[in-house]
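Asker: Annotations for this protein, taken from TrEMBL, read as follows:
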- B:Asp8, B:Asp9, B:Ser41, B:Asn98: divalent metal cation binding site (BINDING)
- B:3-190: domain 'Survival protein SurE-like phosphatase/nucleotidase' (DOMAIN)
2 protein chains.
Amino acid sequence: MKILVTNDDGIYSDGIQYLVKALEKENKHEIIVVAPDREQSATGHAITLHRPLRVKEMNFEDIDSKTLAVDGTPADCVKLGVEAILDEKPDIVVSGINRGPNLGCDVLYSGTVSAGFEGLLLGIPSIAVSLATYEDWNFTYAAEFISGLVQNLNQKDLSSEVLLNINIPSLDKDELKGVKITKLGNRSYTNMFDERFDPRGEVYYWLAGDIVEEGNDEGTDVTAINQKQISITPVRLNLTDFKEIKALNEKELELF
Amino acid sequence: MKILVTNDDGIYSDGIQYLVKALEKENKHEIIVVAPDREQSATGHAITLHRPLRVKEMNFEDIDSKTLAVDGTPADCVKLGVEAILDEKPDIVVSGINRGPNLGCDVLYSGTVSAGFEGLLLGIPSIAVSLATYEDWNFTYAAEFISGLVQNLNQKDLSSEVLLNINIPSLDKDELKGVKITKLGNRSYTNMFDERFDPRGEVYYWLAGDIVEEGNDEGTDVTAINQKQISITPVRLNLTDFKEIKALNEKELELF
């Protein structure tokens with residue numbers, strides 16, 4: 001398989017390095033890493049229009065695959081990798097392993113997930129992977145799991161219209177309670193801004209926020225993670241609300 | 001109605017100024033403008049985590065409403081406006097008027113549309129408005145149309161789970177062929193990167209791209225615009241692919 005690996009924590013982050021090493025172990029993939037040269041968390045689906053992008057070849061001691069750092073966003077990396085660097089489309093885009101969960105509405109803000117969406121837009125099956133913790137980073141089994149999944153999916157025809165958004169607890173295999181196919185859950189943030197004053201008395205605002213996970217039933221990604229399961233959520237960019245098209249037509253809005 | 005107005009072209013752009021003036025004409029809305037202090041096109045749903053945000057009150061000659069410039073993205077503006085600046089939730093978020101169309105998959109990259117998505121995430125009905133042209137900017141009727149729509153929606157209970165993504169041809173009213181409720185169409189880009197060399201012989205890449213609009217039937221936003229209609233697409237952030245949950249469960253992947 002030809003695999004394009006990217007992330008949003010940047011090319012130097014542990015998560016992507018564990019992931020690439022685990023994929024390399026299989027010895028049968030052709031891997032190229034095209035990732036941001038620095039952290040790009042919460043960049044969403046931003047792309048770079050107003051300046052050109054630079055690409056720099058990197059050498060990491062433990063990584064054999066071709067590794068390129070781009071001074072852009074995760075979506076830039078996928079676009080550039082597929083359209084300007086690779087001779088042919090990769091079979092899969094794997095984005096991660098992100099430091100921290102991407103559950104529920106997090107997928108909208110996440111650079112990791114947006115890299116996967118960019119893969120879909122280019123017609124490539126894509127996977128976004130996140131380590132669902134804020135401390136005690138254990139990438140070992142997560143990387144191994146993804147390597148196995150990529151191998152397994154190869155034989156089962158993954159659709160290029162579906163992104164698999166995967167969250168993995170930061171645990172060893174024997175502590176995990178299996179895998180669950182889930183839907184996106186409810187996760188929101190409260191008390192979002194911390195208002196502070198600088199030494200000159202001018203106000204500034206830090207984005208903060210406490211997580212609220214309410215109304216999550218058995219089927220959601222949030223619940224799976226809380227139950228020490230690996231969560232796999234199939235996500236599709238089917239944004240049109242067809243019911244509402246009908247409803248709006250029936251509302252007889254006097255618009256024109 | 002309490003209306004939060006934002007955009008992604010920045011607070012100085014014509015589009016937002018026409019929009020605010022048209023909304024002010026009604027004389028019955030309470031309007032607050034919270035918009036980026038500079039252009040933020042193609043920022044997608046990026047939010048600012050790693051530095052604080054500054055807010056600056058602006059004075060524009062023709063605008064009476066409170067107007068705040070934020071050194072962040074469109075999604076930052078909505079979040080900050082609702083969570084830190086306004087005492088109570090606005091009744092609606094109106095984002096625009098964007099310079100250029102946001103059709104089909106553009107909605108994923110668009111800062112204008114993402115500001116609307118942020119509104120939905122905060123439980124507020126939202127509208128994203130774009131002028132569907134690349135030249136001959138005629139914001140006059142577009143602004144008037146949105147002002148009328150906001151008034152009309154007020155009486156018909158717009159859902160806070162649906163974003164209306166509106167594209168308006170850059171024409172006067174008598175040149176337009178009415179309003180069409182649409183689905184997102186197919187719009188992609190080819191030849192995406194222009195490879196160039198700097199004066200020192202180093203390569204750099206400019207994102208470019210020709211638009212391809214293929215396979216668009218009567219019901220799409222792309223077709224409506226091509227037919228000089230105003231396109232209104234109801235969009236929902238319902239990303240989980242429920243069919244694929246079933247399919248994945250049936251695939252018997254040996255994952256664990």
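Cβ coordinates are placed from backbone N, Cα and C, and glycine is handled just like the others.
Describe the structural context of these features.
Answerer: Sequence-distant contacts of B:Asp8 (divalent metal cation binding site), defined by Cβ-Cβ distance under 8 angstroms and a gap of at least six in the same chain, are B:Pro36, B:Glu39, B:Gln40, B:Ser41, B:Thr43, B:Thr73, B:Pro74, B:Ser95, B:Asn98, B:Ser110, B:Gly111, B:Thr112, B:Ser114, B:Ala115.
Across the residues of the domain 'Survival protein SurE-like phosphatase/nucleotidase' (B:3-190), the predicted structure has a mean pLDDT of 93.
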Asker: List the same-chain residues at least 6 positions away in sequence whose Cβ sits under 8 Å from the Cβ of B:Asp9 (divalent metal cation binding site), in sequence order, or say none.
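Answerer: Residues satisfying the criterion: B:Gly15, B:Ile16, B:Glu39, B:Gln40, B:Ser41, B:Asn98, B:Arg99, B:Thr112.
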Asker: Helix, strand or coil: which one is B:Asp9 (divalent metal cation binding site) in, per DSSP?
Answerer: coil
Asker: List, in sequence order, the residues of the same chain other than B:Asp8, B:Asp9, B:Ser41, B:Asn98 whose Cβ lies within 8 Å of the centroid of the Cβ atoms of the recorded divalent metal cation site.
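Answerer: Nearby residues not in the site list: B:Asn7, B:Gly10, B:Ser13, B:Gly15, B:Glu39, B:Gln40, B:Pro74, B:Arg99, B:Gly100, B:Ser110, B:Gly111, B:Thr112.
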Asker: Quick one: of the binding-site residues B:Asp8, B:Asp9, B:Ser41, B:Asn98, which have a CB under 8 A from chain A's CB atoms?
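Answerer: Correct list, in sequence order: B:Ser41.
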